[in-house]
Structure formats: structure tokens, C-alpha cells
Amino acid sequence: MSDFIVGLTGGIASGKSALAAEFEKLGVPVVDADLVARQVVAPGPVLDAIVAQFGAEVLLTDGTLDRQTLRQRVFADTAQRRVLEAITHPAIRSELQRAALAALAPYAIVAIPLLTEAGGRAGYPWLDRILVVDVPVALQHQRLMQRDAATAELADRMIAAQATREQRLAIADDVVCNDGVLEQLTQATHRLDADYRARSDR
């Protein structure tokens, strides 16, 4: 059972998955909020609440969530995005904590893209450390256009819909700069792993 939990966050296209993969190579369990978010919107009470708020047009013909339709709606409307987060975040938080505590390791990483937007440590008081993957906004923009084939306008909207780089850095206990050099990412992971293992033994 892990009694030391690190929250990993960063902006869209910052390289959170790449950093999480480096920790996994060292045997560290990683609980992914994106995966948990997909699980909690499977047919059930959370999906029912989403449909009640946004209408049946956010469902596919098989009764599952049409993620693309819902994503387009909430990115276009800040108020609707907040409504969606109010429905999904409590269920996601609960499952993330349960999975992290159940991990059989000295510590666990919980990857939470919207950690800053959800109030940082106030929203997740059970986190022992917050690790931020930092990347210049221009590089985020470039990666979104390459990775997701996003238009420049959509990339701007996706970045603007999240917390600012400065807001993320303000909640960080630890920061890793991910400018695309894998060797530097690996070195940073090894350094942090040693630190977290030492802290978990205290």
C-alpha cells in the first residue's frame, strides 16, 4: 500500500505521458486520470447526470458517451465545461485516491491533467507532492498542431481553456522541463524517484 502519493500535472501536450512512462520504467505505479475519467463515464450514474445536463445528443447509438461531441461543446463554452467538471471530478478524485492507496510500492504517481484547475492541493488534499511538467506555450502550440492535427485557432483555444503556465508552476513542489530531450527527462525522473523513495521512508 502506497502511503506517499505524487500528483503529476502539466498543460496539454506538455509531455505528461512521456514522464509517466519514465516513472513506470522504474517500477513506479502510475494512476492515469484520463483513463479513470473514461471509466467513470461508462454507462452508469455519472453518464446519466451528463445526459441530463447536456442532452441525448452526447450519446452514441450504442448508449456510450460521444466524447468528440461533448468535447467540442465544453471547449466552446467555459460555463458548460465547469458544469461537466462538477459532475465528473468528484467521482474521478475518489477513484484516483483509491487506486493510488492500493498500489503496492513505496510511492505512487497520479497523473492529473486538470490538477491546477481543480484547486491544486486544496482539491486533492491527499497528495504529498505536486510535480509539474513545464513546457513553453509556443512548444505546446507546435505539438498540438503536429500531434493532433489541430488548427492554430483550435490549439490556441485548447491551451486557453486550461490553467496558465504560471498558475501550474505556482502549485508545484517539483518541476521538470520537457523541451523534447528524452535523456534529460530520464535523468530528471531518476533524480525525483530517489527523492520520492527517500521521502516515503520517513
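Glycine residues also receive a Cβ, built from the backbone N, Cα and C atoms like all the rest.
Annotation source Swiss-Prot lists domain 'DPCK' at 5-202.
Cβ environment of K16 (ATP binding site): L8, T9, G10, A111, P113, V133 lie under 8 Å away, each six or more residues apart in the same chain. In three-state terms derived from DSSP, K16 (ATP binding site) belongs to a helical segment. What Swiss-Prot records for A13, S14, G15, K16, S17, A18 is ATP binding site.
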Exercise for review: Might you list, by sequence position, any residue in that chain lying six or more from G15 (ATP binding site) with a Cβ less than 8 Å away from its Cβ?
Suggested key: V133, V135, N178, G180, L185
Review point. For the ATP site given as A13, S14, G15, K16, S17, A18, which other residues of the same chain have their Cβ within 8 Å of the site's Cβ centre?
Key: G10, L19, V133, V135, N178
Study note, to complete from the structure: Of the binding-site residues listed (S14, S17), the greatest number of other CB atoms within 10 A surrounds the CB of S14
**Study point:** Residues satisfying Cβ distance under 8 Å from A18 (ATP binding site), sequence separation of at least 6
**Key:** N178, L182, L185
